[in-house]
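Heads up: the structure comes next, in structure tokens.
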Amino acid sequence: MQHEAHTHGINMSALGRDKQSLSLEQETVAIEVPGLSLYYGEKQALFDVSMNIPKQRVTAFIGPSGCGKSTLLRTFNRMNDLVDGCRVEGAINLYGNNIYRKGEDVAELRRRVGMVFQKPNPFPKTIYENVVYGLRIQGINKKRVLDEAVEWALKGAALWDEVKDRLHDSALGLSGGQQQRLVIARTIAVEPEVLLLDEPCSALDPISTLKVEELIYELKSKFTIVIVTHNMQQAARVSDYTAFMYMGKLVEFGDTDTLFTNPAKKQTEDYITGRYG
């Protein structure tokens, strides 16, 4: 059954997305989730979620508020460890290694798997010091190395041309959209393998949102990206693959064009056509 007529104006014009047909089975796996459940105390928030996140692609998580998409995202760098009473059952394998095994270096994991949150959170420091923050923590202090990293990361975050003449000004003087791109620069400066974006545009105006979306497309040549978004138009524009979640369960996961135009599950169709959520 075709559902093209029911996408309710969702713009499927991807940001330069490769037009060849995508297939999860043919992708290199970056993150393997072989049956994950998560509890906050007695309350179960994720129910036996299984999926493979492909390397150097953009994967979007969509679903109504409270469906578990941000909770799942935060398992990928163990941010949920910071929540009292949080308990995970199952494994998450990052390039074949279980990140929940005993003795895992969580600080190193969070360097390898960087995260950007909804609200831009630059530090009250200069633009330069924001970008090199993680490098300094690693003990890197040689000026030439830091200078090169700042230019590389700001260019990577499409911010260099806007700030190159004021690197020693406060980051708090930047616009919201610039601050979010600075946070992305700070995150990629330590050269992670995976970027987690938790509704990164929800606090931004449309023009800033477009810049961040274009940036996401550029960054996937270097990083595996997973984005949580409440905006289905955004998921359709920026992602290669989309996962639809509902009440802590993974309902459907596949290439974005197919999921939005010809979903396999009625629950998915009902959500993307606005019947609920």
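Glycine residues also receive a Cβ, built from the backbone N, Cα and C atoms like all the rest.
Annotation source Swiss-Prot lists ATP binding site at G63, P64, S65, G66, C67, G68, K69, S70, citing sequence analysis. Every protein chain considered, the tally of other Cβ atoms within 10 Å of the Cβ of G68 (ATP binding site) stands at 22.
Taken from Swiss-Prot, the feature domain 'ABC transporter' covers 31-272, and the record attributes it to sequence analysis.
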Remaining residues near the recorded ATP site, that is with C-beta within 8 Å of the centroid of the site residues G63, P64, S65, G66, C67, G68, K69, S70: T71, M245, Y246
Largest tally of Cβ atoms lying within 10 Å of a Cβ, found at which of the binding-site residues S65, S70: S70
Segment confidence, the domain 'ABC transporter' (31-272), expressed as mean pLDDT: 96
Site of maximum Cβ density within 10 Å, from binding-site residues G63, P64, G66: G63
